[in-house]
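Scroll down for the structure; my scribbles are underneath it.
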Protein chains: 2
Amino acid sequence: MVFYLIGLGLGDVEDITVKGLNVVRKCKRVYLEAYTSILCYGLEKKQLEEYYGRDVIEADRTTVEQNSDEILTDADTEDVAMLVVGDPFGATTHADLVLRAKEKGIVVKVVHNASIMNAVGCCGLQLYNFGETVSIVMWLDNWEPDSYYDKIAINLSKGLHTLCLLDIKTKEQSVENMMRGRKVYEPARYLTCSEACKQLITISKRKREEGTEPIYTENTRVVGLARVGWDDQKIVSCSMLEMCSVDMGPPLHSLIIPGNTHPLEDDMLATFALKTL
Amino acid sequence: MVFYLIGLGLGDVEDITVKGLNVVRKCKRVYLEAYTSILCYGLEKKQLEEYYGRDVIEADRTTVEQNSDEILTDADTEDVAMLVVGDPFGATTHADLVLRAKEKGIVVKVVHNASIMNAVGCCGLQLYNFGETVSIVMWLDNWEPDSYYDKIAINLSKGLHTLCLLDIKTKEQSVENMMRGRKVYEPARYLTCSEACKQLITISKRKREEGTEPIYTENTRVVGLARVGWDDQKIVSCSMLEMCSVDMGPPLHSLIIPGNTHPLEDDMLATFALKTL
């Protein structure tokens, strides 16, 4: 039989494909990968169960990474599926699960779906003109990493756009709770476009203080995207400095730093220009 | 009312999302963008009409690019949709259509789906580690462009993977038919992984003849992908030279030239290694 990896798309229950839905309905067991992006997208187990008319089993990080045998039990004799928000190949851990299934001689099939990696095309910037994707890490009190600056710099020097995925902190424990071994988690936190731009501007100022001309300035154009594919999706094109005070609303946010643009790309971005009163 | 752009995904009628299908069923008019990838994917108007239980209007390149007013007629008072294979933002022309709709004050909504741009993750290479995407052009008798070599070189020098989209020739006319004004088209042709690798090796040899050490050789590892997301999907990992004699089967083909790989990426690619007898 088959182990299916099914992409759920951008976060609405109806974003599943017809093929995916048919597979979900016929599988013996259906798992929901519950630790990368589910929580932030608001897709909950209960909501999916109602929509599918069947049970769904939540699989947390430990189960997926360390107890994959549990997920794959009997997958050689029965169909089993794991649901993943976006496309199933956004995160390394699924490659891991695929490898273990293949080792066991289980057939693996993938039902693809949209992910932020291709859906960002909706702002009008051509996917072909993107360079390497970067992750912007949320700065904490004493930890301000800036390694993504170099990747943005390489892309910009080649005229390429950069998609910046913004950090998500879920299931984080306070130092006290961690030390006491209490499984109490802090509320989830999401890096916003505004916070990301503040970090980027700080990095550019540090570069200048260190005697290097930064590859971008606070006047560089950026594109903020929030809740892509949702009914309340928001896209704003403005300067990095302006973005620092734009409220893009609830998560998830992503940020693009455009490289060289084609006139048609400019025309599309103009439709998302910040409306100043 | 709304003008919807609906992604059809990777080419099976059931790859449409549930949301997309619901929109198709309620719209007054539904167009099928019939010139970029439909033909090669094998999704035909008749098949879609049967599946949706409604009429679908084929929109060729001229209609989409020059007569967009026809598509957008009454879209301010009625819901109209255009179906696009993959995700709607693979091709520039849709940005164009979106702009014209916005100029007319028509609300535009997008139903995203998988496209080759994110589905290639199924080979195990991390999407985050891809550089700029390139298009490999089919060589004709007296026309052997190689501008994509430089982009591949830049990606490889940064350790990044390169997704190579392979050329498609549809609705091409012979010189004679064109001169006689006869709308007779040659059979569609698709660049294969094998042909693409032959071109790439020729380019690398020319570089060497010109005194430049090429960034890759015929021993460089490549990954061939055919019919991604289909039941008969085929993925093969081997050297560029070996790929020259691999039959990947019917279109569409894509080729990846991996950059630096993580051990988990290597493990995944190993599962697609060419089986030599």
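Every residue gets a Cβ built from N, Cα and C, even glycine.
Over in TrEMBL, the protein carries these features:
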DOMAIN    B:3-240  domain 'Tetrapyrrole methylase'
BINDING   B:Leu10, B:Asp87, B:Gly90, B:Ser115, B:Ile116, B:Leu166, B:Val228, B:His253  S-adenosyl-L-methionine binding site
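Features per TrEMBL, on structure.
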residue  : record                               : contacts (Cβ under 8 Å, 6+ apart)
B:Asp87  : S-adenosyl-L-methionine binding site : B:Gly7, B:His112, B:Asn113, B:Ala114, B:Ser115, B:Met117
B:Ile116 : S-adenosyl-L-methionine binding site : B:Leu10, B:Gly86, B:Leu163, B:Leu165, B:Val228, B:Leu252, B:Ser254
B:Leu166 : S-adenosyl-L-methionine binding site : B:Ser135, B:Ile136, B:Met138, B:Tyr190, B:Leu191, B:Thr192, B:Cys193, B:Ala196, B:Leu252, B:His253, B:Ser254, B:Leu255
- [ ] Would you identify the secondary structure of B:Ser115 (S-adenosyl-L-methionine binding site) according to DSSP, in three states?
- [x] coil
- [ ] Select from B:Leu10, B:Gly90, B:Ser115, B:Ile116, B:Leu166 the binding-site residues whose C-beta atom falls under 8 Å of at least one C-beta in chain A, and return them in sequence order or as 'none'.
- [x] B:Leu10, B:Gly90, B:Ser115
- [ ] Please state whether DSSP places B:Leu166 (S-adenosyl-L-methionine binding site) in a helix, a strand or coil.
- [x] strand
Task: Among B:Ser115, B:Val228 [binding-site residues], residue with fewest other Cβ within 10 Å - done: B:Val228
Task: Within the predicted model, mean pLDDT of the domain 'Tetrapyrrole methylase' (B:3-240) - done: 90
Open item on the list: Applying a 10 Å Cβ distance cut-off over all chains shown, what neighbour count does B:Gly90 (S-adenosyl-L-methionine binding site) have?
Closed with: 22
Task: Span of the S-adenosyl-L-methionine site, taken as the largest CA to CA distance across B:Leu10, B:Asp87, B:Gly90, B:Ser115, B:Ile116, B:Leu166, B:Val228, B:His253 (Å, rounded to a whole number) - done: 18
Task: Neighbouring C-beta atoms (10 Å sphere around the C-beta of B:His253 (S-adenosyl-L-methionine binding site)) - done: 25
Task: Reduced DSSP assignment, B:Leu10 (S-adenosyl-L-methionine binding site) - done: coil
